[in-house]
Structures are given as structure tokens and as C-alpha cells.
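Some notes on the structure that comes next.
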Amino acid sequence: MNPEYDYLFKLLLIGDSGVGKSCLLLRFADDTYTESYISTIGVDFKIRTIELDGKTVKLQIWDTAGQERFRTITSSYYRGAHGICVVYDVTDMDSFNNVKQWLQEIDRYATEGVNKLLVGNKSDMTDKKVVEYTVAKEFADSLGIPFLETSAKNASNVEQAFLTMARQIKERMGSSIATNNTKASVNVSPGHGVSNNSSGGCC
């Protein structure tokens, strides 16, 4: 019997509340966008299967709450993640400055050697941009991690961000991960987490 996929990768989206993590996930998984996405409580996830270098890759993408009060809940989701996207808002300098704190969370909770990607979201809001591309790029380069600016609103680089992460994980894992191993890691179906009513736009 042919397997449904060759690889199963668990990805995690982390970053301050309001930077657009949920919107990035919606754009990539469902190709939809909403101006007023309600804040995530705890975690939510979506699944999308892609073709990568002739292989079928199933991406299970977890969207975590950025609020401090949920930090203890979401920290457990770092374990077992193959790749982690650290997202900031290019119009919010604080969210960029807090990237270092999020990277420390990865070091504390995630599996050693986990793939990382820095994502500057809301790149369409050029008139409000405060974090310059060159500054973020130099920071990412100093850490040896890839960097992309994205816009969930106009879909710019969203696909590229997740494909970059998937390709990196695949290269790191090589051919050692067979379907039998990865299927055992987690077996879930697409679903929606519970959200609260604090609304806020994300681009």
C-alpha cells in the first residue's frame, strides 16, 4: 500500500501577540486572510501537504499564543518540533527586539538542532515599517538562520517561508526519516483551536 506521505514535519510559529502568526497560517494552509483574527488561546494547528523535490511532505503547523499567560502551555509544544518560525511585525520594533527572548525559549525547550527561520511579517505596510530589512537580515545572518519578510495580507513570501523551512528540515534529516518513523510521531486531523474574543488585525 502506498503511504500518504514520505515525511511528516511538525512546525511551530512563535512570536509576540499580534504579529500575524495566525494570519500566516491561514494564508498558507487555506489561502485565506481576515483583517480581524481573534487571538489564539493556547495553540491551534493546521495541516497542509506539499510536494518537495519529488517527495510528499505533510506539514503540521502549530500556531501558539504570544501572550505571556499562555507561555507555560505552549512551551510543551516546542518539544518534537522539527522547525520553528520566529515571527515579528516589521511595523513594531518591540516585537523585533523580543525575537532574542523567543530564541532563548527555543534554546530552553526545543530539541537540539531544530531548524529556525526568522520572519518579518506585514511587509505590505511600507509606510509604517520601522524594522529595516538590512537590520533584520544582519541579525539573522549573525545567528546563521534564514530570514524572509512576508505579508499574509497579499501573500508575499508566505509560501516561500514554509517551503524554505520544509526544505531545510528535509536536508537535515536526510533519508533517515522514513514514513513509518514519522507517522508514529503524531496522528491528528485538521482542527481549530479555541479562541478568545480579543480581536486585532494582522497583515
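Quick reminder: no glycine exception, Cβ is built from N, Cα and C everywhere.
Since we're looking at a predicted model, the values are computed, not measured.
Around the Cβ of Lys153 (GTP binding site), a 10 Å sphere holds 21 further Cβ atoms from the protein chains shown. Positions annotated as GTP binding site by Swiss-Prot: 15-23, 33-40, 63-67, 121-124, 151-153.
Taken from Swiss-Prot, the feature motif 'Effector region' covers 37-45.
Annotated region 'Disordered' per Swiss-Prot: 180-203, in sequence order.
Annotation source Swiss-Prot lists S-geranylgeranyl cysteine at Cys202 (among others).
Swiss-Prot lists Cys203 (among others) with the feature S-geranylgeranyl cysteine.
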Next item on the list: Quick one: average pLDDT across the motif 'Effector region' (37-45), no decimals.
Entry: 65
Notebook entry, point to check: Counting across all protein chains shown, how many other Cβ atoms sit within 10 Å of the Cβ of Cys23 (GTP binding site)?
Noted result: 26
Note to self: I'd like the Cβ neighbour count for Ser123 (GTP binding site), meaning other Cβ atoms within 10 Å of its Cβ, all protein chains included.
What the structure shows: 22
